[in-house]
Amino acid sequence: MASFSAETNSTDLLSQPWNEPPVILSMVILSLTFLLGLPGNGLVLWVAGLKMQRTVNTIWFLHLTLADLLCCLSLPFSLAHLALQGQWPYGRFLCKLIPSIIVLNMFASVFLLTAISLDRCLVVFKPIWCQNHRNVGMACSICGCIWVVAFVMCIPVFVYREIFTTDNHNRCGYKFGLSSSLDYPDFYGDPLENRSLENIVQPPGEMNDRLDPSSFQTNDHPWTVPTVFQPQTFQRPSADSLPRGSARLTSQNLYSNVFKPADVVSPKIPSGFPIEDHETSPLDNSDAFLSTHLKLFPSASSNSFYESELPQGFQDYYNLGQFTDDDQVPTPLVAITITRLVVGFLLPSVIMIACYSFIVFRMQRGRFAKSQSKTFRVAVVVVAVFLVCWTPYHIFGVLSLLTDPETPLGKTLMSWDHVCIALASANSCFNPFLYALLGKDFRKKARQSIQGILEAAFSEELTRSTHCPSNNVISERNSTTV
């Protein structure tokens with residue numbers, strides 16, 4: 001996903017995917033998010049940071065606005081990335097930085113919203129403690145810790161994002177050793193139809209398009225690997241067209257692979273790759289072949305085939321791709337996705353829902369002033385909007401780990417992945433408008449200054465605890481800010 005957040009390859013892009021509804025919808029969402037979110041968050045940051053008195057609530061929402069503003073600043077790069085059909089013209093550093101900013105926004109926002117929820121809960125259930133300990137300094141310290149944790153959660157994105165070159169264009173994606181995952185994989189065509197061996201995804205600087213003729217030799221099996229100097233086109237072979245006992249060719253997910261140069265391998269090994277009598281019955285060159293598009297498996301008639309039977313150096317060819325010979329998703333990709341789901345969504349969501357449920361229950365039982373629900377209402381709606389925007393992103397991320405991209409469901413997930421990323425980014429433009437609409441009556445707010453609107457939304461007003469005695473002195477001590 002990343003990344004913004006999410007993440008096969010076609011030479012001509014005949015399908016013109018940027019004309020498809022999901023891509024158009026994504027571009028519209030990203031454009032509106034940038035046009036509305038940048039001035040909106042910038043205005044809130046300027047007024048709340050420079051014009052308003054610093055309170056605990058102001059600190060919370062000030063840092064939340066800063067996270068949203070950083071996300072909005074990265075949106076032009078994401079929009080251009082989508083408009084260029086997955087091409088990345090901004091270089092390696094921004095390939096790492098831009099997705100990291102989007103993930104940073106996600107973690108910082110959800111951690112800040114969780115802190116706001118816990119703060120609301122403490123105000124209601126522990127008013128005396130809040131009266132003595134809840135202050136601006138503590139809020140700033142908590143926000144600082146939140147930013148540190150959010151930066152730590154971005155490290156995997158910054159480490160694993162790399163530039164790949166395909167069709168003479170740079171593309172940005174994840175690289176896990178010999179495995180890779182490009183952004184916007186549905187921009188690329190069928191990897192086995194009308195594909196030239198020149199158009200192979202390669203990390204720049206790591207391998208050349210043309211190599212000198214060479215061969216791999218082992219003591220057990222003589223493997224001759226002539227280098228292909230001219231573009232070759234391979235069509236998907238049928239199972240019946242292959243000789244009995246020959247190695248069958250299975251399509252590999254090119255959109256998620258990093259490939260070596262275009263080599264045609266002519267193994268002189270026993271038919272079916274048997275282990276016992278591997279020094280007899282050499283095959284001719286037509287019995288089996290392997291291109292860098294394809295993955296090699298022994299036929300049903302063969303005995304067990306081990307990767308160690310391959311000559312040294314060719315084993316790297318065998319394991320290229322996002323999936324290994326057991327069709328397993330790379331462990332780092334699984335770890336990144338699950339961590340985002342649990343730490344960046346499920347756990348904070350449970351905490352926020354529990355906090356606001358307890359608050360609603362207590363408010364229904366107690367005597368709370370109408371003004372007390374002001375910031376509470378703003379916080380609840382902000383949390384709800386966050387969950388709506390980010391839920392599809394995490395669902396699609398998990399499904400992408402469990403679904404074969406070549407199935408109809410997998411292709412649908414790839415097509416709508418852009419929309420999920422755009423919707424998650426759109427969360428960064430909603431909050432300024434929520435602040436303006438939820439404090440007081442909208443008609444009154446329309447006549448107020450921006451500073452007055454924000455002061456109403458982030459107000460720190462005294463309210464009375466539900467269990468305060470009638471004694472005025474004790475009642476005043478039990479009052480706290482909301």
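Note: Cβ is positioned from N, Cα and C throughout, glycine not excepted.
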From the list N9, N478, pick out the residue that Swiss-Prot labels N-linked glycosylation site.
N9
Can Q53 and R171 be said to be on one side of the membrane, going by the domain names in Swiss-Prot?
no
State the disulphide partner of C95 as given in Swiss-Prot, choosing from C143, C145, C154, C172.
C172
Where does Swiss-Prot put sulfotyrosine, among Y90, Y188, Y318?
Y318
Among Y174, Y255, Y306, Y317, which is the one flagged in Swiss-Prot as sulfotyrosine?
Y174
Could you say which of the disulfide-bonded residues C95, C172 has its Cβ with the most other Cβ atoms inside 10 Å?
C172
Is the transmembrane segment (24-46) in contact with the transmembrane segment (341-360), using at least 3 Cβ pairs under 8 Å (sequence separation of 6 or more) as the test?
no
Neighbour count, 10 Å Cβ-Cβ cut-off, for Y174 (sulfotyrosine): what number do you get?
28
Can you tell me how far the Cα of C95 (disulfide bond) sits from the Cα of Y174 (sulfotyrosine), in Å?
10
